[in-house]
Amino acid sequence: MTANLTAPVARKPTTNAPSGPRRPPGRARVRAAVHSVLLAGLCLLVLVPFVWMISSSLKHDNQVFTVPTQWIPREFVWSNYADIWTQIPMLAYLRNSAFLAITISFLQVLTGSFAAYGFAKLRFPGRDWLFLAYLATIAVPWQAYMIPQYLIMEKLGLVNTHLSIILLQAFGAFGVFLMRQYYQSIPDELIEAARIDGLSEYRIWWRIMLPLSRPAIASLGLLTFVATWNDYMGPFIYFTSNELWTVQLGLRSFVGQYDAAYAMIMTGSVISVVPVVLVFLLGQRHFIQGIATSGLKG
Amino acid sequence: MTVTPETVSSTAPALRKRRPPEPAAGTRRRSLRPTLTGWSFILPNFLGFALLTLVPMVFGLALSFMEWSPWGDPEWVGFENFERMFRSSTFWIALWNTTYYAAGHIPLTIVVSLGLALLLNRTLSGLGFFRTAFFLPYVTSLVAVAVVWNMLFNPTSGPVNQFLQFVGVTDPPGWTSSTAWAMPAVIVASVWRDMGYYMVLFLAGLQTIPTELYEAARVDGANAWQRFRNITLPGLRPTTFFVLIMCTVASFKVFDLIVVMTDGGPGRATKVLSQLIYEEGIREGRFGLASAISLVLFVLVAGFTVLQFVIQRHREDR
């Protein structure tokens, strides 16, 4: 079953631009214009929820729902952004989320790329069977083994600790799969040359593979960061103490308690989105490249 | 099955052939050393993976045939959990809702994300901006997504219904407060959230299709639809397959968005299997029964995945 579960790997970073030299230039220009307008329209539609979120976060509660909707607040209530920090322990939630997301992404990339080197560039008995086991578990929904996992964690005394979520999410099969996929695109000749030069396998991984796989590391790191930051169910099950809560849990409880404080809830939502969007925008170029051209370096 | 450069285990034989003769050493050491080195690379990840993924999977299977609660010792009860599960109306409703969600979410997400990828797969100004904009929902906090969509779907004064009334719908649906419309509302929000991720995967797939094929087809006079049908779709097959599998798994295990948007309601209108597993297992402490439901979820996903493999293989053989 492994033979065809291929990750989308690009061989060619070129786009299929309609480059018909026989096409009359005027018609092509009209088509390009129509195309851009269509995209811009779709883009606006997709961004509506964000506009709503930001605009509501700058209103008073009773101004959020008006008929017709005010997309630009009549009066900007910036104080929402000052008040939220005293209404809920937002800072503590952000700190918890950041701690978990950074730790888990780091461990995923570290152990994932290490294992991926073993799977991609070393040959030893049992390797392919082991990889098949990894691959098969990607298609198993977490909920199918979440109860026994919980029981194991409880026996280990790790329920209601940050360590539980770190252990649960740091050793994902997907990370190994993604990194291995990338490593396979790095020519074996390079590694052979390094071996002839006397580099140990560990140093090949550290000195050659890691630097070459920067886009793949960015993709895996970002995907893991985003997934951990946005995870609700894991923390929801494992963290009962308020001081362990992540942004998602904190925001959710805020919604439950003050469900009419629309503006404040939107303020909290915007704040919960900002860090992860910042991380994404910073790594965005590497990231899209990492997924989109993970067949080629650079 | 065709073997493409990206296929999972294709470089291995080539690697073995090219490996230079190892320095003289004892026969036993020579055979043991690569194994140890190989395992040493995999071990750090494998320890966590085995203890927290493989073991629970096997343990879960056994658990579904046991009666086990936090207050008593485990006891082997055979198929009792399954009998109880099949008699429960909530189970059947959750099974139906899960299927409903998947049946809406999978095709819609794939069509929308493929459409976006096709629109973006060309050189145009602002490309980076568009890609980022469409990807943004995917990185947005889950709770924020749920809360915003709930507000957009507000029956009386939400923008969605205001728009519907504006275009002449006199009696717009109550969305998350209506048993009939709650699931479609959840599906819309989830497609909005996920489309960017799958769009990037499709974009990557599109870029593996050689441009020359399109040029050749154009010279032969093929129109846009024919080019899409005969070049794009076949060229995208490995990507579509991958996307389909990932999207299927994600759809059947949906939990977060539903819990925050509707909490399974109104009534049981959006209750899904994952939520039932959580409620029975973690909240009520009926570990055996919850594991039995987990097994159903697993069989469902595994069934669909295998079916997709079979269809994929069948297509390639033709």
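Just so you know, the numbers here start at 1 and follow the chain as drawn.
Backbone N, Cα and C atoms are what each Cβ position is placed from, and that goes for glycine too.
All annotation found in TrEMBL is predicted automatically rather than curated by experts.
Feature annotations, courtesy of TrEMBL:
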| type | residues | note |
| --- | --- | --- |
| REGION | A:1-27 | region 'Disordered' |
| TRANSMEM | A:32-54 | transmembrane segment |
| DOMAIN | A:94-283 | domain 'ABC transmembrane type-1' |
| TRANSMEM | A:98-119 | transmembrane segment |
| TRANSMEM | A:131-151 | transmembrane segment |
| TRANSMEM | A:163-183 | transmembrane segment |
| TRANSMEM | A:204-229 | transmembrane segment |
| TRANSMEM | A:260-282 | transmembrane segment |
Closest-packing stretch to the transmembrane segment (A:131-151), where packing means Cβ pairs under 8 Å, from A:163-183, A:204-229, A:260-282: A:163-183
Recorded stretch, among A:163-183, A:204-229, A:260-282, maximising Cβ pairs under 8 Å relative to the transmembrane segment (A:98-119): A:163-183
Chain residues outside the transmembrane segment (A:204-229) and at least six past its termini with a C-beta under 8 angstroms from it: 97, 100-102, 104-106, 108-109, 112-114, 117, 121, 165, 169, 172, 175, 178-179, 181-183, 186, 190-191, 194-195, 246-248, 275-276, 279-280, 283, 286-287, 289-291, 293-294, 297-298
